[in-house]
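The structure under discussion appears below in the form of structure tokens.
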Amino acid sequence: MDDKWRESAPVNDIEASSWIRIFRAFDTDHDGLIQCEEMQKTIRDSTYSFGFDHYELQKMSLYLEMREGKPVDFADFCYLMSKCKGYRLREYLFRAALTVTPKNQRIHVFSELQRYKCVPPPIFLIFLSIVQLAFYLYYVVDSSEGVWLSGPIPTMSPLIVSQYHLPELWRLFTYCLINVGIFHIIFNILIQLAIGVPLELVHRWRIYILYFMGVLFGSILSLALDPTVFLCGGAAGSFSLIASHITTIATNFKEMENATCRLPILIVFAALDYVLAVYQRFFAPRIDKVSMYGHLGGLVAGILFTFILFRGSKPSRFYTVSFWVSLVLSGFFIAICITLIAAPSMLH
């Protein structure tokens, strides 16, 4: 195997802890940063401490020069060490984690990533995207409608949410496998891969809960407020991911990479998908309609479960209070939706 791919296994615990020790040893003012000039001098004077050979030393010097004086935090340090040592897989993991992790949480996250054994591997959202695409293509062929913005809508599918199949509880989750329209399937897959996979890499099993709570909140909100139409599509799950990421950016604005650009782009991108959902609900030239409330349910779940699931390694008072408030609000949301769903049958 190519030497650059030799690090398919995780960095061992000794090497992982040594990276933290090295960084802290040379972070003399304990501000979480090492100045580039200082690090250049350090690696020349203490090459053995870094475990570098001559070639790796040259690469690190070049990478530091390319930073043009920008200080090195622990995330940058791990990324540069991986590049210099040819740990290609580790380099990709760190690069993905940089996009979704606030700077004040990176020491904990990157320390965990160094020991990450890819068990389970971060393929849940990749696999889900493949399944969604397969179902979309199947129903496109089966319906003979072709590829367009507002269809097909497989109303007879055993996966779709409908008020006529309330006892079939699996539909509250399986509807996310069916997508209506080419724009929706592209939007959902892009969000799941671009945002969801890095989040899954950092947060692992918590992302499964976040996604499916978004799906559940979307289905019960739709049945509560718009029961006369169908619900299908992965938008609730995708909106839970995008809402969670937007919440993280908003609450850690100064700590996120490119937050000023990323936040408005995400909001506009999500708004376009929701505008299309509103069009399909009220203005599309077809009899069978699809609810737009799945998006809103996913949005609510994404915001609330960000505080429930992602509290960081050192929870602050703000996150502790937010955790309990979000937990209570989630309970109220579910209770109110179930009451509204059950009310018509109870009144008759």
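The backbone N, Cα and C atoms fix where each Cβ goes, glycine too.
The Ca(2+) site recorded in Swiss-Prot includes ASP27, ASP29, ASP31, and the single candidate from GLU38, GLU56 that the record places there is GLU38.
Taking each Cβ in turn and tallying the other Cβ atoms within 10 Å, the top scorer among the binding-site residues ASP27, ASP29, ASP31, GLU38 is ASP27. In the three-state DSSP classification, ASP27 (Ca(2+) binding site) falls within coil.
The Ca(2+) site is defined by ASP27, ASP29, ASP31, GLU38, and by the 8 Å test on Cβ atoms against their centroid, the other residues of the chain that qualify are PHE26, THR28, HIS30, GLY32, LEU33, ILE34, GLN35. With Cβ pairs under 8 Å as the measure, the transmembrane segment (229-249) is packed most heavily against 290-310, out of 121-141, 177-197, 263-283, 290-310. Under the criterion of 3 or more C-beta pairs below 8 Å, with sequence separation of 6 or more, the transmembrane segment (121-141) and the transmembrane segment (207-227) qualify as touching. Look at GLU38 (Ca(2+) binding site): DSSP puts it in a helix.
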